[in-house]
Structures are given as C-alpha cells and as structure tokens.
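Asks: Per Swiss-Prot, ATP binding site is recorded for Gly11, Ile12, Asp13, Gly14, Ala15, Gly16, Lys17, Thr18.
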Amino acid sequence: MARGKFITFEGIDGAGKTTHLSWFRERLEQKVASTGRSVVMTREPGGTPLGEQIREIVLHQKMDLETEALLMFALRRQHLAEVIEPALARGDWVLSDRFTDATFAYQGGGRGLPRDKLETLERWVQGGFQPDLTVLFDLDPEVASERRSAARDPDRFESESEAFFSRTRAEYLRRAEEAPYRFAIIDSAQSIAQIQRRLEELIAIL
C-alpha cells in the first residue's frame, strides 16, 4: 500500500481551525474509505500519552522561552516516532491540529526566539519531513481576540496580547509564502459554508 498523506491545520488561537477539524476528518474518511485506509486525528502539543501529560505543563505553567521550544520539539519527535510515521507507513492518512509551523509562529514570531535556533531543531527532529498539505486559517488578530474572549479558562497562550498574535500571524504568513506548494490559506472571516466549500476543494485534489 502506498504511503499515506499528512495534513495539518494551523492558525492563531481564535481563528477557527479547530471548529472545522471534525468536519474535515469526516469528509476525508469518506474519501479514503474505499481504499481500506484510515484517518488518524492527532494534535500538538500532545498526540501521545507522554505528549498529553506534558501538554498540560506547556499550556499552563510559565517557563523559560528556550525550554518551551525544546519541549515542543521533544514532544514532536515522540509524536513522529509513535504516531505519525507508523500511520503513514501503513498507508493511513494523518490529520494534525498543529505541527512545526506552530512552533515557528508562536515561539519564533510571537515570543521572538531566533529562527536559526528553531531551524536547527527542525532539522534534527524531522530531517526534511513536512506535511503534504498545511491548511492555514488566517484571521485578523483583533477579530480573533474577540472570539477568544468567550473562552472559558484560557491557557497561557490564549491569554497573550493582540500584539503577540499579530507577530504570530505574520510568521505564519511568512512560512506560507516560503512554501506555497504545501500551504492553503483560508480567510477565517468567511462564513462556515464558504470555508467548507474551500475545504471540499482541497480534499478533492489530495
């Protein structure tokens, strides 16, 4: 069986990506069902028993910037080894809520960690491995902030300033500009129906 495909959803908190994940997964399962493949849904930080334990620490405990980035990549290595790589090897498709682009956007753009440090970690952990498709949900940080304000018990990332998310968004868009062959940018200000039509188009060409 041919190797599976790896799809990631990205975007700043409040951009709406998580809202569309389950719907996208259902449509993807319909696409691959006739081939005997499955769709594995996962997330970062997390995705493994170890990752889910440390996720709580990363999201709620203040820490040194470099410690935060190192934890993200350490969890990613385990995620790749335990979940992503085995699933792709057996022909399944993997759909992840965030991956490496989030680290460049949040720890790099948002927190200001030098890009070369992140690139070194990326090469060490992933080699040349990248998603087949990254769907970036793009939204003005001010609008995203209004959406986040309704969240209960926000974590320490969701509680960041609008300026933080402006930097995070800018880094996401820079990453997308550098790799247009794998990025699809969706304007999250559109209606749910419009967004789902665009997602249907993406599924059709996978």
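Along the chain as shown, residues are numbered 1 onward.
Using the three backbone atoms N, Cα and C, a Cβ is placed for every residue, glycine included.
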Asks: Determine which residues of the same chain, besides Gly11, Ile12, Asp13, Gly14, Ala15, Gly16, Lys17, Thr18, have their CB within 8 A of the center of the CB atoms at the recorded ATP site, and list them by sequence.
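Replies: Close Cβ neighbours, site residues excluded: Phe137, Leu139, Ala144, Arg147, Ser188.
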Asks: Just counting, how many other CB atoms are there within 10 A of the CB of Gly16 (ATP binding site)?
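Replies: Its Cβ has 22 other Cβ atoms within 10 Å.
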Asks: Among all chains shown, work out which of the binding-site residues Ile12, Ala15 has the most CB atoms within 10 A of its CB.
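Replies: Ranked by Cβ atoms within 10 Å, first place goes to Ile12.
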Asks: So if I measure Cβ to Cβ from Gly14 (ATP binding site) and keep only same-chain residues at least 6 apart in sequence, which ones fall under 8 Å?
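Replies: Within the chain, Gly14 (ATP binding site) has Cβ neighbours under 8 Å at Leu139, Val143, Ala144, Ser145, Glu146, Arg147, Arg148, Glu158, Phe165.
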Asks: Judged by the number of other CB atoms within 10 angstroms, which among Gly11, Asp13, Lys17, Thr18 is the least packed of the binding-site residues?
Replies: Thr18
